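Worksheet for the structure shown next.
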Amino acid sequence: VQPTTDVSVTQGKGKEGISVNCCISLIHTILGLYKIVFLLLQQTFQLHKKQGPKRVMTSQFLGEQCAAQSVGTFNTMVNTLLQTLLAAQCAISPPELWPPDHADEALKNGLDTYDFVVVGAGSAGSVLASRLSENPNWKVLVLEAGGDPPQESEIPTLIFSMEHTGVTWNYLTEYSETSCWAFVDRRCYWPRGKMIGGSGAVNAMFYVRGNRRDFDGWAKAGNTGWGWDDVLPYFERSVQSVGNDTYPQGYLSLNRFAADDPDIEEMMYKGTAELGIPRVFEFTEGSYIGYSNLPLTLSNGRRMSSGKSFLAKLAQRPNLHVIKNALATKLNFDADGKRVSAVSFKLRDKYEMTAKVKRELVLTAGSIESPKLLLLSGVGPAQHLKDLQVPLIQDLPVGENLIDHVQVLLFIKLNEHVSPKSTSLDDLDSTYNYLIHRAGPLATRGTASITGFINTLNDGPYPDIEYQHFNLRRGAFGGLQIFVDSFNFQEDFKAQLRNVLETADLLLVGPTLSNPKSTGRLQLNGTNYKYPPMLKHNYFSDPEDMATLLRAIRFQEQLVNTAAYRALNASLVLPTIDECDAFESQSDDYWRCYIKYFSCTIYHQSGTVKMAPETD
């Protein structure tokens, strides 16, 4: 039985209106039952035609598929249930939730000249396009390389399932001698969002503002207007509803959710308290150190990305157009190379088109695609562009200063079974609960929302390390598989972690550098816009980063030895690594080797199109 187009559950790779992978197996299970019920009802109808509207025992025709008997009433109830589930799935991310696509109109009638063209409908581009189009006299065009987000983007727990699909840019870093050795080909996987909402439609949805020192440091460096007191009103405005009907979806929604593993949550809070780290409700000015259950950009169990919050349902704004699956390929400058007059783009990987810019082009394609587009257009380091025979427009350090929040993955085994073993029935229960009530484990980030900020040097109120967490219940092999596949773990390490999960819960902890000192660079791999750039992260090129992570690991060692952690028989998992095992276990040399294997990104690449005054 094939479902209708509106309830398509065919597995796909980022196509609009369908799921990319994860929920699909559970929905297929439901469809299998649906098929049985459909055949049952069909045969019931045929018997009724032959024998009249009398009660018929279904054992007359169920046969081997189902030995249960029904006079029809319960069959109808089950059929109604299945139809309700399918309808609820369709309602997770219906097309009308997203801005309409102006592509067909553009192909038919061409494009007007726009006051502003925004390249990239991600976390920044969505907000800017929405704000600019508030002026009815300005015509605004948004070019987004991807389409609408899949259902997995809406479901909080399934964030990792979108990686390695068509809704993400699937970048790999260059080989490095210092990191990423636990992953395939010893390269780190750097996914970025390729859909309405950008990476904000694939991220972890935590809402954490920067602190005063960060913003005031930017202002001190010459970026006037970016100090803490300057930006705070805009933070407040972005998340508070002021009754403005301009935003049909309202402002950015923030909510907090209780962890679905309360014993583990209590263990973390009590353990850190033993080490003098407070539990805080909110990281506000003067309170940047502590552990907290962070607010999430969620509403009614669904993600509230910038794409949804600021671009949704803008059909009533005739001055704003969004073209999806439109990849910008070149910025066209005026004669003196000071201003972009038009942008060339490839629509649906088929049509070459150009959009003319009257006032400004706003480049918000992200920390990888933005510098790539500038370099392809002749803006970047002169020697690099000369080597590729790209005509130089301006000699600027585009692609340099690549910075990332580096993390090292640690694994803590909880031998006292703090949660019942995960089963396939749990997955079905969670799916039902989410579809019908938008609640349950799928509707939150669980233990992952508990985040810690500490200063490993104890020399001030500002953190140098952030701790993120992700808990897997004993037997949750499906969740583990999604996680290790998303990071491109080598098969040996996958197997070792699976063995741990056979008998214990597994708490993944990611100590992350808050202020990394090492910088890398992004360069072109060629002049074809389809080629991914070369990403040289240069993790630990500054020895201070390694020293900070070593202190962060030592803190976790202390934490595992607290009374709260010992109560659950917690212990660090040390995977078998021949090179590292040659050193004394848990010595500095051991951990340096371990970091070389299990260091990776936490998806916060930045700095490649640096904001700075002309004197910088």
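Glycine too: its Cβ is placed from the backbone N, Cα and C atoms.
Straight from TrEMBL, the features:
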type	residues	note
DOMAIN	193-216	domain 'Glucose-methanol-choline oxidoreductase N-terminal'
DOMAIN	366-380	domain 'Glucose-methanol-choline oxidoreductase N-terminal'
TRANSMEM	18-41	transmembrane segment
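Broken down with DSSP, the domain 'Glucose-methanol-choline oxidoreductase N-terminal' (366-380) shows 11 helix, 2 strand, 2 coil.
Break the domain 'Glucose-methanol-choline oxidoreductase N-terminal' (193-216) down by DSSP state and the numbers are 9 helix, 3 strand, 12 coil. Averaged across the domain 'Glucose-methanol-choline oxidoreductase N-terminal' (193-216), pLDDT for the predicted model comes to 93.
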